[in-house]
There are 2 protein chains.
Amino acid sequence: MPPFDVPEGDPFGVHNLPYGVFSTAEAPAERRVGVRLGDHVLDAGAAALALDSPYAALLAQPTLNPLLAAGRTAWSDVRRALTAWVTVPSHREVVEPLFHPLSSVTLHLPFEVADYVDFYASENHARNVGQIFRPDAADSLTPNWKHLPIGYHGRSGTVVVSGTDVVRPSGQRKAPTDPAPVFGPSVRLDIEAEVGFVVGVPSPLGTPVPLGDFREHVFGLCLLNDWSARDIQAWEYVPLGPFLGKSFATSVSAWITPLEALEDARVAPPERTHPLLPYLDDSADEPGGYDLRISVAINGHVVSEPPFSTMYWTAAQQLAHMTVNGASLRTGDLYGSGTVSGPEERQRGSLLELTWNGRDPLELPDGKRTFLEDGDVVTLSAWAPGPGGARVGLGEVTGRVVAG
Amino acid sequence: MPPFDVPEGDPFGVHNLPYGVFSTAEAPAERRVGVRLGDHVLDAGAAALALDSPYAALLAQPTLNPLLAAGRTAWSDVRRALTAWVTVPSHREVVEPLFHPLSSVTLHLPFEVADYVDFYASENHARNVGQIFRPDAADSLTPNWKHLPIGYHGRSGTVVVSGTDVVRPSGQRKAPTDPAPVFGPSVRLDIEAEVGFVVGVPSPLGTPVPLGDFREHVFGLCLLNDWSARDIQAWEYVPLGPFLGKSFATSVSAWITPLEALEDARVAPPERTHPLLPYLDDSADEPGGYDLRISVAINGHVVSEPPFSTMYWTAAQQLAHMTVNGASLRTGDLYGSGTVSGPEERQRGSLLELTWNGRDPLELPDGKRTFLEDGDVVTLSAWAPGPGGARVGLGEVTGRVVAG
């Protein structure tokens, strides 16, 4: 009998327990912290109250922010308590009525996003982009690429939850041969398959966060689609970087997977080809990579399977870099890994790369694609190795392109 | 008898009435909305409550956010009420005890910053930077500069109120002749004298804000110092723009001047040399510029007087551009004008320009300066033409550089 009886091997079994925020049709304005188990959602705050748990203060909330801010010891304690609530038979009578079928609830952006940063940490992606846009350059990477994880700030106010429609942005574009820029809907709307990391514990202004403190600050991760209008971006981005080409929408999963659920997915990052400055040198640290197997589908058709394990820069290095100048962290800071692209053609995380800037269209069951068309539904999904051969599912991130 | 008897000609007279947030020594944890009059601060929430005003819900608050969100009609109504409270003799007995000497209170960041965007809207500044960094280029402006207001997102979590010390950031830098990057405290720490615009009324995702709606959304402005580590910035910024070279601190005034106080300061922007796309074409609109006379001082010594009236792109154009892709606005969004530099040498808004990248040191009473030294106190101040020849003072923004 579900949900206690989640089928063995379910990627959302008790070894996973990701967190989200939901509301029900009966009380659409009441947001509650939910924990996913199989195809059900546990009302975690209601369970904490019913079981007289001290964690009700963290879970009976409309966002994950209080839990995020509570810190690593609390994260472990809450996870242990939740595991007991959904597995110990004596809790069953109390807890079971607090589950809702996933299909019956509305999922919301699970935390208040503070600052949003996006990185550029896949060597394959950076080299592909370099070859496409600077075919004559001696090196497809910029000179700084192997010395620091390049990043920039994005718009946190337009981070939206999976399922939100994405309105095709309008803006200026200018081909090199155009005499002047023209205005209109983007004709090169793209995706970027990424992983997003969610900061829980803040840090004070003026104090860098060292590499080894990554798991004291970062609560968990999710999938992230950094929608990109390549034509708008190309015209605007010199010299201050991407702006309107990115700021119209960034989609994230409704479920945040705690890092604790991903212990079995930890892997060493690729070998570093350049010596690193001490604040980025993780050669003596525990493995900083995560083996996440991502899948990118357009209208249900898988077009790419980017392997996150190939990322050159780790999330811990990105956090250390982002704060090395003394910048503070806040609860709810979100940072994206950058587009995940593996070495193979079918492992590229953007249409820019998959179609080589439109030169080689993809053949989909419903026709050719260079960039996205109105009506296209893009879905990122992923899993990671879990305990005893189980899979840990990440919450999918999906979005439909609609005309402006 | 102050504060009703503010001296005539005081730049913080009743024609100004900027808003801030303060606490007192007696109740340091209680933040209150304050309105500045001369060298006093009115506890605006307490006044509203004492006078049984309907605006208590907007003013008896710990931040300006509820007032910001209330919209243009409410902004006018509240301003009219406040003017009456501090001028109508019958209110004097109630209101006068609610003033605090400015010197006795602690001023706080007056609103919760949502997204922070920084523009690059001074032609003089952009040309100076182009000549310094690309001396051989045919045009000192990038090809897009006259077609759109270039901008990028900054770190909203490190926006600090005037008076906050600025810790010298450390980071990577690499001179072209260095074989590899080195790490250490920035040796080219700079200022950028800017004006910040504060968004009050949000806009929905997917809906651009047209030029003419600027004053429906933007509540007011303040001075802003976009501290910049030029050496960190130079090494990191290709291809995704400034990141750690800026994200360690951005200082803003403690006082937000409502746009309504600046009606007499409105001026036409410089003549546009290139045709503009319709969404940016303000040629038929009311004047979009503001005549703000800025002053930059280091350790009390004025080094520059940048005129804001010379900015090529207006705040209304920046807002229209920032949202033309459908990006939404939130209450508390902040956007900086970009460094304000006039055509004269003594009108440049950064040390990069004032010293021509360190080639021509400034002679200060306490020695030469190329970039900032530890202990230096930088103060931006400004005034604008007000009604009947009065001056409207902007709240200063000051900060001291301390070693990391």
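Backbone N, Cα and C atoms are what each Cβ position is placed from, and that goes for glycine too.
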Practice task
Given that TrEMBL annotates B:Y120, B:R134, B:Q233, B:Y237 as binding substrate, state which candidate in B:T24, B:T331, B:T339, B:T355 belongs to that site as well.
Solution key: B:T339
Problem - From B:D139, B:D165, B:D226, the one annotated by TrEMBL with B:D118, B:E192, B:E194 for Ca(2+) - result: B:D226
Completion exercise
Taking DSSP helix as H, G and I and strand as E and B, the domain 'Fumarylacetoacetase N-terminal' (B:15-110) has 43 helix, 23 strand, 30 coil
Fill in the blank from the handout: Taking only the CA atoms, the spacing between B:E194 (Ca(2+) binding site) and B:R134 (substrate binding site), expressed in whole angstrom, is 23
Handout entry: Residues near B:T339 (substrate binding site) in space but at least six apart in sequence (CB under 8 A)
Key = B:Y120, B:S122, B:H125, B:E192, B:A193, B:E194, B:D226, B:P306, B:G349, B:S350, B:E353
Practice task
Looking only at C-alpha atoms, tell me how far B:D118 (Ca(2+) binding site) is from B:R134 (substrate binding site), rounded to the nearest Å.
Solution key: 22
Handout entry: Residues from B:Y120, B:E194, B:Q233, B:Y237, B:T339 facing chain A - binding-site residues, CB under 8 A
Key = B:Y120, B:Y237
Exercise for the section: Pop the Cα-Cα gap between B:R134 (substrate binding site) and B:K246 (Mg(2+) binding site) into the table, whole Å please. Expected result: 21
Exercise for the section: Could you name the residues, excluding B:D118, B:E192, B:E194, B:D226, of the same chain that surround the Ca(2+) site, i.e. Cβ within 8 Å of the Cβ centre of those residues, in sequence order? Expected result: B:A193, B:L224, B:N225, B:S228, B:K246, B:T250, B:G336, B:S337, B:G338, B:T339
Handout entry: Length of the line joining the Cα atoms of B:R134 (substrate binding site) and B:T250 (Mg(2+) binding site), in Å
Key = 27
